[in-house]
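Chemist: The structure's right below; bear with me while I get my questions together.
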Amino acid sequence: MGILKMRILVLLLIVLMVSIVNGDENESFKKKPTIVKTVKGVKMCVKDWECNKLSRFCCNLTITDYLDTYQFELLFAKRNTPVAHAVDFWDYDSFIKAAALFQPLGFGTTGGKKMQMKEVAAFFGHVGSKTSCGYGVATGGPFAWGLCYNKEMSPSKDYCDDYFKLTYPCTPGARYYGRGALPIYWNYNYGAIGEALKLNLLDHPEYIEQNATMAFQAAIWRWMNSVKKGQPSAHDAFVGNWKPTKNDTLSKRLPGFGTTMNILYGDSVCGQGDVDDMNNIISHYQYYLDLMGVGREEAGPHEVLTCGDQKAFNPTAAPAAAS
């Protein structure tokens, strides 16, 4: 009888400890009341840790209001399978911590709930396609394998461009091969992103493959910033902040998902007609729209969704004709 009582007491203590731990976790994720101010006639808000700078975007829903851990696990269901190449690296918390830096700027917080969810799905569409190890007959389907990688597996070179030796000089021993959720290549890209995020990526590009929050931050920074002055960011092109010029219209560049591919990849994906690389990115986006409950029918018409007929914003130099 004494042994039975002891076992019951131990079980009760375990239950109590679990309750305390879960209670602490729940408390840490509770948000403080929204702070609301009017600045020059514009309603501005601060929402605790997730949208912690006074911004009109922080008055809207934040990402945790419509995307939870369960949904993230559903979107990237196969990323931690034994055959994946970045097991236990990517997770929901790292994404949310990274996104918190950009939500006051409108990432996932622009417009109404549908637009907010569409933007996160669009961002994930790029991320999933660029980090996937899925294929046609893969278990769970080819789109369930996003975030399978966090770095280039067999880099063929160091990606050091001495043209930028004055601004972003290569650090001896550093290798600037593809890393991250939207893979970063070349010393000048590591340097520019590192400056923006106040991370020493030029000396330590390996940070991106060692820290998932940094990797997501770098990817969202790319999404939120334009490649060149006077050109839109992928964010602005997607949410409708960008107004095309006459030249853009003639080049068939329209606000929407298609133009995000043009901004991020140029003519390596766009302006080539109905190619597999483009369709793979689109298919990931549609897959995530479905899983998030928005539905692929909200992706838009063909001319908005694709970039096969678009001229690149920044065409690659044509090879010189043979003499």
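For all residues, glycine too, the Cβ spot is worked out from N, Cα and C.
Those TrEMBL annotations? Automatic predictions, nothing curated.
The model shown is predicted, which means the values in this text are computed figures rather than measured ones.
Pasting the relevant annotations from TrEMBL:
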- Cys160-Cys170: disulfide bond (DISULFID)
- Cys270-Cys307: disulfide bond (DISULFID)
- 71-297: domain 'Glycoside hydrolase family 19 catalytic' (DOMAIN)
- 1-23: signal peptide (SIGNAL)
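Structural setting of the listed features?
Modeler: Mean pLDDT for the domain 'Glycoside hydrolase family 19 catalytic' (71-297) in this predicted model: 96.
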Chemist: For Cys307 (disulfide bond) and Cys160 (disulfide bond), determine the Cα separation and express it in whole Å.
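Modeler: Each residue's Cα considered, Cys307 (disulfide bond) and Cys160 (disulfide bond) end up 30 Å apart.
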Chemist: Go through Cys160, Cys170, Cys270, Cys307, our disulfide-bonded residues, and report the one whose Cβ sees the most other Cβ atoms within 10 Å.
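Modeler: Result of the Cβ crowding comparison: Cys307.
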Chemist: Give me the CA-CA distance between Cys160 (disulfide bond) and Cys270 (disulfide bond), in Å, as a whole number.
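Modeler: Rounded to a whole number, the Cα-Cα distance is 26 Å.
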